[in-house]
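Peer 1: Just passing along the structure, written as structure tokens.
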Amino acid sequence: VVKEKNRMGECPVWEERENALVYVDINSQKVCRWSPLTNKVQSVSVDACVGSVALRQCGGYIIALGTRFAFLDWDTQAVTTILEVEQDKPNNRFNDGKVDPKGRFFAGTMAEETAPGVRARRQGALYTLFPDHSVIKQLDQVDISNGLDWSLDHRTFFHIDSLAYAVHAFSYDVHTGQIACPRVLYHLEKEEQMPDGMCIDAEGKLWVACIDAGRVIRIDPETGKRIQTVRLPASRITSCCFGGKDYSEMYVTSAYDGLDEATLAKEPQAGEIFKITGLGVKGIPQNFYAA
């Protein structure tokens, strides 16, 4: 549905109040918004790689860029830094993020590659930014902090560390925002490659984007089993969210960075955004950062 190609399209968020899909192109340092009514993409350029975007209660967005949390005012394009983390790790940047049911913004970091396929290990962390702008570190020694969401009863937090090739579940205290007691929920099979972004549907099942495997998979957190696979016409599938007027459509982002010329020739749709319909299940609205 979005033909404008992204180097590293990520973190799609359906914004009901604008009837639009908001997402980032990490490597192009842009926050984008696509309207299905006009089929136009608007974008705001920022001064660092932007890993994630989320809705803000009072309008505009909260973003995680470089190693900073910031507000983005869409109309003025002004970026206002809230705070910075990991100033001792110049090679790190924020990656995926999402707002919890109480309006706290969770976002994690990762080390950038220093050469193709070369990355310092366990340099990342997972942070929670509270509405009063205080921050806590939830996890340390993460490789690539990625997809995240909460169970429908808000008692479980789901998180992906991509290089662990697994989805982890944690007990979640919705009152304090603290996570505890990690366990492996699902370990990806070889052909599923590496897990990236993730979202939950209205039946409490998880959808995981499999980068380099050209698919999203549906996992039942109760049984820890894969129950559905949807293949897409691009291999570097990065993330997914539900949207549309009744949240029955799934939007899926992809990337073309990391593909050689021969693969790009075979994948003319790499970097585009796809819409999956007819899944027979709906999503739930996104949470707003409560400040």
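One-based numbering along the chain as shown.
Note that Cβ sites are derived from N, Cα and C of the backbone, with glycine treated the same way.
Quick paste of what TrEMBL says about this protein:
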- ASP196: active site, proton donor/acceptor (ACT_SITE)
- GLU10, ASN146, ASP196: divalent metal cation binding site (BINDING)
- ARG93, ASN95, GLU113: substrate binding site (BINDING)
- 8-255: domain 'SMP-30/Gluconolactonase/LRE-like region' (DOMAIN)
Peer 1: Considering each pair of residues in ARG93, ASN95, GLU113, all listed as binding substrate, report the largest CA to CA distance in Å, no decimals.
Peer 2: 13
Peer 1: In sequence order, what residues of the same chain, 6+ apart, have a Cβ less than 8 Å from the Cβ of ASP196 (active site, proton donor/acceptor)?
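Peer 2: Correct list: ASP96, ASN146, GLY147, ILE160, SER162, VAL208, ALA209, CYS210, ILE211, ILE237, THR238, SER239.
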Peer 1: Fewest other Cβ atoms within 10 Å: which of the binding-site residues ASN95, ASN146 wins that one? Let me know.
Peer 2: ASN95
Peer 1: Across all the protein chains here, work out how many other Cβ atoms are within 10 Å of the Cβ of GLU10 (divalent metal cation binding site).
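Peer 2: Looking across every protein chain shown, the total is 26.
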Peer 1: How many other Cβ atoms are found within 10 Å of the Cβ atom of ARG93 (substrate binding site), counting all protein chains shown?
Peer 2: 22
Peer 1: Over the domain 'SMP-30/Gluconolactonase/LRE-like region' (8-255), work out the mean pLDDT and round it to an integer.
Peer 2: 97
Peer 1: Could you state the whole-number distance in Å separating the C-alpha atoms of ASN95 (substrate binding site) and GLU10 (divalent metal cation binding site)?
Peer 2: 9
Peer 1: Other residues with Cβ within 8 Å of the Cβ centroid of ARG93, ASN95, GLU113 at the substrate site?
Peer 2: ILE26, CYS49, GLY51, ASN92, THR109, MET110, ALA111, GLU112, ILE144
Peer 1: Taking the Cβ of GLU113 (substrate binding site) as the reference point, list residues of the same chain whose Cβ is under 8 angstroms away and which are at least six residues distant in sequence.
Peer 2: ARG119
Peer 1: From the Cα of ARG93 (substrate binding site) across to the Cα of GLU10 (divalent metal cation binding site), what is the distance in angstrom?
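Peer 2: Rounded to a whole number, the Cα-Cα distance is 14 Å.
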